[in-house]
Amino acid sequence: MDTLLHPSTSSMAKRPCPSSAENPMLPSSFSQMDNLLLSFLSLSDSSPPVSLDLSFDRLLESAPSDADQSLLIDRAHNLGSLLLRAANRSARKRASLHNSIAWALPPDLTIKVFSMLDSQSLCYAAATCSMFNKCAMDPLCYANIDLTTVVPKVNNAVVSTMIQRAGKSFRSLKLGIVPGPTSSPGSCQPLVYSIRNSVDVSSFSWNDKKTRQGKESSILTRSCLYPLSGDNGAAGTLLRRLHLYNIERMDNASFCVALAACPSLLDLEIVGLHVELRQTLISVSSNCHLIERLFFESSKTGRDDSLKSPTCVDLVNNCPNISSLSLRGFKLQDYKVRILVKGFRKLKYADFSTSYSISGTFLRNLGSGFGGNLLEVLILRDCMHLKEVEVARFLTAVLAGDFKFLRYLDISNREGLASEGDWYQRSYNSSIIPLKQVLEVRPNICLLAEFPSEGCYIDIDHMFDSDVNSEISLPSQLSSHTSDGSLLMSSSESSYNSDQGSGNEEYQVSGFVIYEESSDEVDFLVV
């Protein structure tokens with residue numbers, strides 16, 4: 001003990017260490033330090049601790065000065081720290097060796113399992129042991145990055161690090177704040193979320209999250225997607241799926257730059273971003289020609305009326321593979337919606353929930369020609385201006401044989417449906433809507449029609465067929481389904497027509513449908 005703390009020549013002479021020659025059980029490669037450490041660690045555990053204290057006191061008393069005593073104490077602290085660090089490191093090595101022997105899966109299958117984890121669980125696994133850490137650093141584990149959280153925990157640096165780890169395996173990125181575990185992207189429940197109004201993070205302070213004293217902020221900024229366009233857009237070129245939720249500091253310019261770097265994007269989901277619908281669709285139309293699924297929920301329900309019909313036409317012509325379209329919470333007129341639904345020949349999923357201006361006239365003759373006849377899911381929940389007469393006409397067309405592939409329809413409205421003459425007059429119990437007849441003729445359709453209690457409430461249990469319910473997946477799953485099946489044209493002659501205008505009159509001229517938006521803006525769409 002004296003030698004370890006005060007290795008002088010005289011002390012070495014007085015307390016010789018056992019050598020390998022004296023102890024043939026020791027390896028010949030042992031150095032003098034190895035032998036000294038072995039002697040120290042060979043002290044009996046049954047020895048009273050007071051003997052160690054007395055030995056150390058004697059060393060201190062033998063020191064000629066106070067400075068020498070302080071030096072001995074510091075050396076004791078350092079030596080103890082070094083021994084503890086070495087013991088911990090050796091324990092980790094032994095645990096990793098044990099794990100590598102006991103772990104049933106080879107490294108390639110372990111990496112495959114880790115690639116199925118969300119990013120937070122992957123980080124937890126990487127911190128378990130060095131073997132898991134090595135497997136978790138494989139680029140395949142970061143092919144599908146999910147950094148969504150309930151409260152802000154992720155900053156720009158984390159996003160950049162994850163994308164760099166993914167390398168050429170990068171395929172998917174989910175980023176932002178999701179309201180809670182009960183909300184799922186693609187469901188009818190709104191995903192728009194403001195942290196300032198959240199009770200779950202009532203103690204959160206935006207000022208507390210500002211960068212200070214070199215600490216990284218936990219807030220994503222508008223430059224969080226810069227890694228997609230950096231390095232000549234190498235990461236963005238690989239990206240197939242991009243989901244962004246409630247990133248309050250994102251703006252139009254930064255988002256459009258990110259989309260410009262993603263020419264291979266197939267699935268785009270945007271919720272609660274302060275970006276304009278028209279600018280976003282222009283960017284998608286210009287850069288993401290392969291896109292198949294587009295989900296956009298407005299952060300300002302009913303106030304974004306920026307969309308113009310030329311933008312709709314460009315989107316239809318430049319992105320013909322869209323099979324799932326969701327535009328929720330925007331101020332959309334029927335003729336613009338008709339351009340989209342009629343124009344996308346592969347469209348199977350359409351969700352225009354909480355769209356302020358939709359009355360339902362876009363549904364007229366939709367199932368009897370190209371475009372719209374492949375619809376499997378149609379969601380018009382809480383559309384304020386949706387008219388009961390248009391819903392009735394649509395369901396009459398379904399009874400007549402149109403919309404042969406339709407299997408999910410949601411016309412629920414917390415304010416009731418609008419009457420034909422005055423939308424302020426709400427209908428809660430409409431006798432002209434053939435709900436029961438549709439369920440009898442088309443039992444494979446899941447029909448949702450929930451209305452306020454002050455009117456009537458249609459029992460949803462009677463609208464689900466037990467066999468059909470097992471076949472119908474959630475809207476979020478249906479929205480991701482794509483197909484290249486051939487188009488079918490309904491031969492039914494009972495498709496409804498109406499002479500009543502909706503404010504968006506349509507005309508037939510030489511094989512073109514002309515949509516009149518204003519006196520100086522006329523658009524054409526080939527049919």
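From the backbone N, Cα and C atoms, a Cβ is placed for every residue, glycine too.
Predicted, not measured: the structure shown is a model, and the values here were computed from it.
What TrEMBL annotates here:
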COMPBIAS  1-12  compositional bias 'Polar residues'
COMPBIAS  479-502  compositional bias 'Low complexity'
DOMAIN    103-147  domain 'F-box'
REGION    1-25  region 'Disordered'
REGION    475-503  region 'Disordered'
Original post:
Would you list the DSSP helix, strand and coil counts for the residues of the domain 'F-box' (103-147)?
Top reply: 27 helix, 4 strand, 14 coil
**OP:** Using a Cβ cut-off of under 8 Å, list the residues of the same chain at least 6 residues beyond the domain 'F-box' (103-147) that approach it.
**Re:** 92-93, 95-96, 154, 158-159, 162-163, 165-176, 241
**OP:** Within the domain 'F-box' (103-147) only, compute the mean pLDDT.
**Re:** 88
